[in-house]
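Student: Could you have a look at this structure, given as structure tokens, before my questions?
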Amino acid sequence: MKLLIMGPPGAGKGTQAEKIVKEFGITHISTGDMFRAALKNQTPLGLKAKEYMDKGELVPDEIVIAMVEERISAPDCAKGFLLDGFPRTIPQAEALDKKLAEMGITLDGVINIEVPREELIERLTGRRVCRQCGATYHVKFNPPKVEGVCDACGGELYQRSDDSLETVSNRLDVYEAQTAPLKDYYAKTGLLKNIDGTKSIEEVFASIKNALQK
């Protein structure tokens, strides 16, 4: 099973990715993890990517594609993989298709988790973190017993700058501009599986399994 998963920040993509790889016995390829491993192991591609990252620039698509190719070629991907965090743009998707074709690999499905913008904002801006122990809470879905106070250690709870309304709105804008067009791209291939991400974790996972069996 060779899959790709996409969805906006706050859609629960990471949680579902963990469940998918466990269920199907495939390897989770997160581009973030891939970059960290390449940098840690000082691979030639990792060092190339580091040059751009150190300058605060985006790593060029051809380097990312080469890293994805290297990762997919590893023995642990022989049974299948779940690609998470790439592609993010149409040019990246086209380059990935070309590379997969060269490798003789075809995707079995593209999972797209959909959640309305208002709910994503509520999910992301409601997160609170303990300054002392790092425990996480949510003002609506997982509130502390006493507002602003950590249940575990009594530390002060705060909102990270990443979770501010302005930052969250910007992240969603970038996703909608860059990555949302991929829905049309993959819909044309017949691979796209749109999943309602507003339900419970188990219900969303059941929908994914059902969609992949069709």
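Just so it is clear, glycine is given a Cβ too, placed from its N, Cα and C backbone atoms.
Among the features that Swiss-Prot reports, ATP binding site is placed at GLY10, ALA11, GLY12, LYS13, GLY14, THR15, ARG127, THR136, TYR137, LYS199, with the record citing sequence analysis. Among the features that Swiss-Prot reports, region 'NMP' is placed at 30-59. Summarising the annotation, Swiss-Prot assigns AMP binding site to THR31, ARG36, GLU57, LEU58, VAL59, GLY85, PHE86, PRO87, ARG88, GLN92, ARG160, ARG171. Per Swiss-Prot, the feature region 'LID' maps to 126-163; the stated evidence is sequence analysis. Annotation source Swiss-Prot lists Zn(2+) binding site at CYS130, CYS133, CYS150, CYS153.
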Student: Which bits of the chain, at least 6 residues beyond where the region 'LID' (126-163) starts or stops, bring a Cβ under 8 A of a Cβ in it?
Tutor: none
Student: Among the binding-site residues ARG88, ARG127, ARG160, which residue has its Cβ surrounded by the fewest other Cβ atoms within 10 Å?
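Tutor: So among ARG88, ARG127, ARG160, the binding-site residues given, the one with the fewest Cβ atoms within 10 Å is ARG160.
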Student: Across all chains shown, how many C-beta atoms besides its own are within 10 angstroms of the C-beta of CYS150 (Zn(2+) binding site)?
Tutor: 22
Student: Considering only the binding-site residues GLY10, GLU57, VAL59, PHE86, ARG88, TYR137, which fall within 10 Å of CYS150 (Zn(2+) binding site) when distances are taken between Cα atoms?
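Tutor: Those near CYS150 (Zn(2+) binding site) - Cα within 10 Å - are TYR137, in sequence order.
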Student: According to DSSP, collapsed to three classes, what secondary structure does ARG127 (ATP binding site) have?
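Tutor: The three-state answer is strand.
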Student: Looking only at DSSP and grouping its letters into three states, which state does TYR137 (ATP binding site) belong to?
Tutor: strand
Student: What is the three-state DSSP composition of the region 'NMP' (30-59), stated as helix, strand and coil residue counts?
Tutor: 21 helix, 1 strand, 8 coil
Student: Whole number in angstrom, please: the longest C-alpha to C-alpha distance across GLY10, ALA11, GLY12, LYS13, GLY14, THR15, ARG127, THR136, TYR137, LYS199 for ATP.
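Tutor: Between the outermost Cα atoms of GLY10, ALA11, GLY12, LYS13, GLY14, THR15, ARG127, THR136, TYR137, LYS199, the distance is 21 Å.
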Student: Counting every protein chain present, what is the number of Cβ atoms, excluding its own, within 10 Å of the Cβ of GLY14 (ATP binding site)?
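Tutor: GLY14 (ATP binding site): 13 neighbouring Cβ atoms within 10 Å.
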Student: Using a 10 angstroms cut-off on Cβ to Cβ distances, just flag whichever of GLY10, GLY12 is the loneliest among these binding-site residues.
Tutor: GLY12
Student: Could you work out which of the binding-site residues (VAL59, CYS130, CYS133) has its C-beta surrounded by the smallest number of other C-beta atoms within 10 A?
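Tutor: Fewest other Cβ atoms within 10 Å, among the binding-site residues VAL59, CYS130, CYS133, is found for CYS133.
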Student: Over all shown protein chains, what is the count of other CB atoms within 10 A of the CB belonging to GLU57 (AMP binding site)?
Tutor: 9
Student: Checking your reading of the structure: which of the binding-site residues THR31, VAL59, ARG88, CYS153 lie inside a 10 Å Cα sphere centred on TYR137 (ATP binding site)?
Tutor: none
